[in-house]
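Straight from TrEMBL, the features:
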type     : residues : note
DOMAIN   : 62-133   : domain 'Peptidase M50'
DOMAIN   : 141-185  : domain 'Peptidase M50'
TRANSMEM : 21-41    : transmembrane segment
TRANSMEM : 53-71    : transmembrane segment
TRANSMEM : 112-135  : transmembrane segment
TRANSMEM : 141-164  : transmembrane segment
TRANSMEM : 185-206  : transmembrane segment
TRANSMEM : 218-235  : transmembrane segment
Amino acid sequence: MSTPAGRRSPYGWQIGSLAGSPIYLGRSWPVIAVVIVVVFGPNLARPDRGPEYGYLAAAGYALLLLLSVLVHEAAHALAARWSGHPVDRIVADVWGGHTVYDSTRTSPGTTALIAVVGPLANLALAVVGFLLHSVTTNDTALLLLEIITFANLFVGLFNLLPGLPLDGGQIVSALVWRVTGRRGAGFVVAGWLGRVVAVATVAYFVLVPFLRGQPGDAFGMIFPIVIAAFLWQGATGAIRAGHIHEATAQPAAEVLEPVVVLPATTTVAQADAALASGALRPTPDRRGPDDRVWLVTSDDRGWPVGVVETGAAQAVPHEARPRTTLSSVTVAQPGAWVVGLSASDVLTDLIRVMSERSLSYAVVVDSTSRSVLGLATADRINAVVGAQLARRGRR
């Protein structure tokens, strides 16, 4: 559901839409606008234009920079839509901006395409600015044109540097994914390169001028450090995401716990007898952690509706078990807790679905035959992923 233009949402103020995808001005963006006006205003001042001229020119630069950010993100969004990926939103914020799209079924080539068009859009704007410079006569327009042209040139080239979270890092990640067949490996490699870019940013813009005795003003020293910190944080997140992706690349079926499905009208005594006799075989036919087999109840159509609470079932007195139905000791689950998976789906796919639906339990069925494959629990998944990360030394 979209938010009416001008209204606030968790992402900020919606200022428009692109092909049905909302465009938000993040609540943090005014911060960078104020910084631009305060820092650049005095530098753009002209004695013959009055004291307010520099600040008005800086405000104009802030608006042009916002437009450049939106063009950059619009390029990402249009490429994603063209590639068949729904775009959730476009946001301009203090770090520039970001475009959120569904990347669950993407490919290395598509990922690289969506990434590269953003910086290319900035470089195209720089070319347009250069061409307009030769035909512009107004001195204020020339001033703003020079500043925004340089800004787009710098942003376009900087974003192509080969490290996450930059767009160039997305391209490197896609390339490694294509070569190795492992998307997680792409995140890790591009994340480490992102850390290199972060360190190089501080070295080039802060340390080198300082060692040459030309440190510049406070803003020129602090801003690169802030950008480097942002890059380092994003790169670290990418590395961790890569390790998690590697840890969840195993078949989803490997984390499923055995389950027996019984009608909710079954009595506790009947369930005891059926399990004791071995007449009911769990699916999958193996013991889970702690030798546990889950009991799931179904409605009159055979559709799973809840999980039998083991403690409550065991607490039913012996004399009451023949008349107590499983429904009375069942914890009802949401209708979306039945998840269909194919044989090729991996743990990443299962985690994504359970996360989107906020599920602690999920009855997993074959997406084609609809037969029950087993029960997935958040605790079991966390334990498996945690063990994988611990073995890799990355927890």
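For all residues, glycine too, the Cβ spot is worked out from N, Cα and C.
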Apart from its near flanks, which chain residues at least 6 from the ends of the transmembrane segment (218-235) lie with a Cβ under 8 angstroms of it? 39, 95, 163-166, 169, 191-195, 197-199, 201-202, 204-206, 209-210
Structural state census, the domain 'Peptidase M50' (62-133) (DSSP three-state): 47 helix, 13 strand, 12 coil
Quick check on the domain 'Peptidase M50' (141-185): DSSP residue counts for helix, strand, coil, in that order please. 36 helix, 0 strand, 9 coil
